[in-house]
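These features come from TrEMBL:
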DOMAIN    B:10-125  domain 'Tetrahydrofolate dehydrogenase/cyclohydrolase catalytic'
DOMAIN    B:144-284  domain 'Tetrahydrofolate dehydrogenase/cyclohydrolase NAD(P)-binding'
BINDING   B:G170, B:H171, B:S172, B:I236  NADP(+) binding site
Protein chains: 2
Amino acid sequence: MSDEDQNKVIDGRAVAKKVEAEVKAGVEELKSEKGITPGLATILVGDDPASKMYVRLKHKACDRVGIYAEDHPLPESTTQEELLDLIKTLNAREDIHGILLQLPLPGQLNEQEAMNAIDPAKDADGFHPFNMGQLLIGIEELVPCTPKGVIRALEEYNIDIQGKHAVIVGHSNVVGKPMAAMLVNRNATVSVCHVFTEDTSKFTKEADILVVATGVKHLIKEDMVKEGAVIFDVGISEENGKVYGDVDFENVIKKAALVTPVPGGVGPMTISILMQHVLMAAQKTA
Amino acid sequence: MSDEDQNKVIDGRAVAKKVEAEVKAGVEELKSEKGITPGLATILVGDDPASKMYVRLKHKACDRVGIYAEDHPLPESTTQEELLDLIKTLNAREDIHGILLQLPLPGQLNEQEAMNAIDPAKDADGFHPFNMGQLLIGIEELVPCTPKGVIRALEEYNIDIQGKHAVIVGHSNVVGKPMAAMLVNRNATVSVCHVFTEDTSKFTKEADILVVATGVKHLIKEDMVKEGAVIFDVGISEENGKVYGDVDFENVIKKAALVTPVPGGVGPMTISILMQHVLMAAQKTA
């Protein structure tokens, strides 16, 4: 990669570090001034290796910023009632300010019911319908972490949002839909594309800000992006032990103004926002 | 208007009549089978003539479909506590299944707090954050009535949504944002434009389905729409005692496949959906 292109890489790890430093300072202040240590409880059902890794990464981040973290590993055979009982217990605990239910859950469990059972005030992931609804109407408190990380990166890199054409590829509940809501809240003109879109490239070519979250390896090629676009690659897929983003990074970067790499882009930012949420939730109880 | 153009008018009153007939049948069934009469309580604070008229129209609709309706007029000087007390009382009443807080409220009152106080299960208008969040993640139960009316009209006129480019002009919490969510949920490619959009006509010209909700008289001209577009005019503005939509209806209709008039378009559909919601809420308690 040329030096010039190197300067176009959005450094997700650096953004995350900055967020974590802020969280760490906030945690210390809350401890010293109110005697409150923010606490996160994670719930991991079953033995999925990827889920285990994600939970481990989140616990490590808690350690870095001074958040108390405990894991509740449940067996693959857990019943809905057992899961709901645990959530109820965690909802009631004063030392736990954030609850994170690692998804996906085994097939016998009702994900939506479980997520709805989490106290919205402790909903570290921001997936509870109450928090999603607040987001839709412009009240952003606990909101999905990945799109919020994207917003933070836009701010860090001084990218204007208002009046810009933001195009989102992918309409998941976790990324695409909340991302669209956040960008609309900031007065971007927002287009949402997905697998049913007739000609996605027609939209991506017009995007000032492009967020791609499909899980399709290198879906976005150089000829599909606008000169000077700011691009966030949220997708991740694995092939022969190597991870790929949704963006053909090596080529797209020649045309883009800024683009996130995979890995080292959106992933670290997401976890740092999760830390921020646990602190926010704890501050609200002070 | 030519006969040909006459056939392109979306008859909002006819759609509303059909919805109301279904609601009426549902109400009768609920009465005879479960002994439950659906009940709507409206809350009207102050003396705004337009608000009074809207409440009156809603009560009339209740009469037509057999829903019990009662109004709670409160003085302009009502305090937040008094309003919240009334909502609490209505939340607890078994004979009231839907609660409608007529907006806007006088300046001393906190609208959002009042809306959040309504039991989401009785939220006839679909504005509660919990219901908005359900909508965003694809669970449409009680949702904002105007966009739901638009969806119903699309169904009645057999307009495919999936894969179509739907453009929404206006990003209000009441129409634009929930409309976008509903269309994304149905796999349309959705673009949201608004007052900060640089070139709205670039988007509207590409719209298969166009929903306009800005309150700007005749914002959408013939040269801004695509041949064969299906157009919903949600806007309403008054000038010298005459009401106007956001669409220059007389001219736009020449190019459109279908378009709603103002009045007689989206308005009646909205009220019929409100009736549907009260029935749905009552059915859930059976």
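Quick reminder: no glycine exception, Cβ is built from N, Cα and C everywhere.
Note that TrEMBL annotation is computational and uncurated.
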Compare all C-alpha positions of B:G170, B:H171, B:S172, B:I236, the record's NADP(+) binders, and send over the largest distance in angstrom.
15
Counting only residues 6+ apart in the same chain, whose Cβ is under 8 Å from the Cβ of B:G170 (NADP(+) binding site)?
B:G176, B:C193, B:H194, B:V212, B:A213, B:T214, B:G215, B:V234, B:G235
I want to verify one value. Collapsing DSSP to three states, which class is B:G170 (NADP(+) binding site)?
coil
Reduced to three states, what secondary structure does DSSP give B:I236 (NADP(+) binding site)?
coil
Taking chain A as the partner, extract the binding-site residues from B:G170, B:H171, B:S172, B:I236 whose Cβ is under 8 Å from a partner Cβ; order them by sequence and answer 'none' if none remain.
B:H171
Please work out the helix, strand and coil residue numbers for the domain 'Tetrahydrofolate dehydrogenase/cyclohydrolase NAD(P)-binding' (B:144-284) from the DSSP assignment.
53 helix, 28 strand, 60 coil
Determine how many residues of the domain 'Tetrahydrofolate dehydrogenase/cyclohydrolase catalytic' (B:10-125) DSSP places in helix, in strand and in coil.
63 helix, 19 strand, 34 coil
Excluding near sequence neighbours, so keeping only residues 6 or more apart in the same chain, what lies with its CB under 8 A of B:H171 (NADP(+) binding site)?
B:K177, B:A180, B:V192, B:C193, B:H194
Take the Cβ of B:I236 (NADP(+) binding site) and count every other Cβ within 10 Å, whichever protein chain it belongs to.
17
Over the span of the domain 'Tetrahydrofolate dehydrogenase/cyclohydrolase catalytic' (B:10-125), how high is the average pLDDT in this prediction?
98
